[in-house]
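To start, the structure under review is shown below, and the notes come after it.
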């Protein structure tokens, strides 16, 4: 048996920084209440551990509950400009760990919106990152996530197009070709995070070489779902699991070359636990 791990898998820089910041705030022990706006990452194990240590998840509609001096961690997905203004008025201490790649998208959108450009975001309109980015152009962006939706765009005089940072490269390029037909004066920025691209490319390459592929990450994690889609094109035996507990003998018993990758919200220890469980189920030490 061989266990092969994708060259790029697990925590990305932005997520790692967000988690480290949350634990640093806990260690300060200054008695202030600590909240995260939404789950800091799509990983139930990490969320559970933070909750036990006093970091509570709060949703946008609950922000009125915050009082002066409370700490609010803005997660790597980022938020709208209006939200920053609202929190400043309330006297809430904002700990901003918006991913630098997402911050770049926000800045582009803000700049070109104020130059008079229509804004087009290619991505999932319900994803927190896209919702936040749209908030930097007063929620006026056209959000498209398919070729069909791109064809439904009106003819625009001038527009600026950006991508959700976790988008699949081909998806962005295909939709962009349609957008070009719809805009007379188009400026576009490929704002897909290079860590996302490296993770996707590595998963694509590995899934061509294995008998079974495990994609580890939260079931609600956008980037993990995309990894699964990429892998299952090459390997029909592709499983999306959150942790080692979901692994069964049935998944591995007939396979000798086993591939493992993980989403940006998956800690190293979860990946290690999955590998240990695979070895246990196969009754072998294996090699990596």
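Cβ from N, Cα, C; glycine included.
Take the [4Fe-4S] cluster site that Swiss-Prot assigns to 12, 99: the candidate from 193, 231, 235 listed for it is 193.
Dimethylallyl diphosphate binding, as stated in Swiss-Prot, involves 77, 127, 221, 222, 223, 265; the candidate among 42, 240 given for that site is 42. You'll find the Cα of residue 221 ((2E)-4-hydroxy-3-methylbut-2-enyl diphosphate binding site) roughly 12 Å from the Cα of residue 129 (active site, proton donor).
Looking at residue 265 ((2E)-4-hydroxy-3-methylbut-2-enyl diphosphate binding site) and residue 99 ([4Fe-4S] cluster binding site), their Cα atoms lie 13 Å from each other.
Take 42, 77, 127, 221, 222, 223, 265, the residues named in the record as contacts for dimethylallyl diphosphate: the widest Cα to Cα gap among them comes to 15 Å. Taking the mean position of the Cβ atoms of 42, 77, 127, 221, 222, 223, 265 as the dimethylallyl diphosphate site, the remaining residues of that chain whose Cβ falls within 8 Å of it are 41, 128, 129, 166, 218, 220, 224, 263, 264.
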